[in-house]
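J.: Take a look at what TrEMBL says about it:
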- 17-289: domain 'NADP-dependent oxidoreductase' (DOMAIN)
- 59: active site, proton donor (ACT_SITE)
- 88: site 'Lowers pKa of active site Tyr' (SITE)
- 121: substrate binding site (BINDING)
Ligand code: NDP
């Protein structure tokens, strides 16, 4: 499957779909790949046409992605420059001087000498003990700009920033963000934010692209499911599945979905979306599912000065702090 690409502010191309590699969180912390399962998934993903992989230092998947890329380059299936790696700076390394070290750690795990796209995972800076730090995200952004000038990252961007925070980076930064990764799915269409980002040339990557459609990391949420009648009738028309329709809807909006799967059949299903298009009416119909609902809502950080989302009445306990 040939995947089209989107042009970023730095003039480079981002493949229009990426494979998500966050494996979830349980009582022991971040869920880790067992028996090189993720490495094998990424190798298979490369075979079926994926060229873009989304990771983060906090996901602990960089090493297996790197191993898979190395093996596929050695097999002669791809060249390094055919692959696009997005990874992210964690909140505990927000000082300008810490950014290059964090990137070098990621490069070492990936076994690469540059990263295609490096994102600030959250605008929120934290100390090593996860107490709130007062580092301004503009200081962190300057660290990302330094890294791009050094050439260890080719593109830089943001994740989980709200519109006002992005506006500040656009105003005060010296390099325009190449991309922003935010939660985009049926229940969180983000029409205004997507249009604003795109008007500034900032490519939008949509995380958790299936929304309520499927169970994520073992838990289900309210909302339309795979057998939803509206989505099913569109799916039937094109001979596709509802997950494919939802991914294609993001492609039509020039949002780069990063669906996660470790299942070989679904890996192929999710990339098999480039041989049909939805009509503008169908896109509009799917936009109508919007309920402005977020599933990634770290309310335990909501008293941080740079918390990007609306506060809730009953914040959840911080899973990163062991009591
Ligand atoms: P997704 O919307 O990608 O859903 C993943 C779930 O869907 C998994 O349980 C997967 O199970 C299942 N699935 C995948 N494809 C299909 C299919 N075709 N049919 C039925 N079920 C399917 O959610 P995520 O939250 O994982 O988001 C995707 C990626 O976005 C993450 O992996 C990560 O890279 C990124 N992300 C970034 C965040 C940020 O803060 N920047 C926050 C959250 C995510 P199975 O594996 O068994 O197929």
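Including glycine, each Cβ sits where the backbone N, Cα and C put it.
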J.: For residue 59 (active site, proton donor), what is the secondary structure by DSSP, using just helix, strand and coil?
T.: helix
J.: How many whole Å apart are the CA atoms of residue 121 (substrate binding site) and the residue listed as 'active site, proton donor'?
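T.: Just about 11 Å between their Cα atoms.
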J.: Pick from 88, 121: which of these recorded positions has the biggest number of other Cβ atoms within 10 Å of its Cβ?
T.: 88
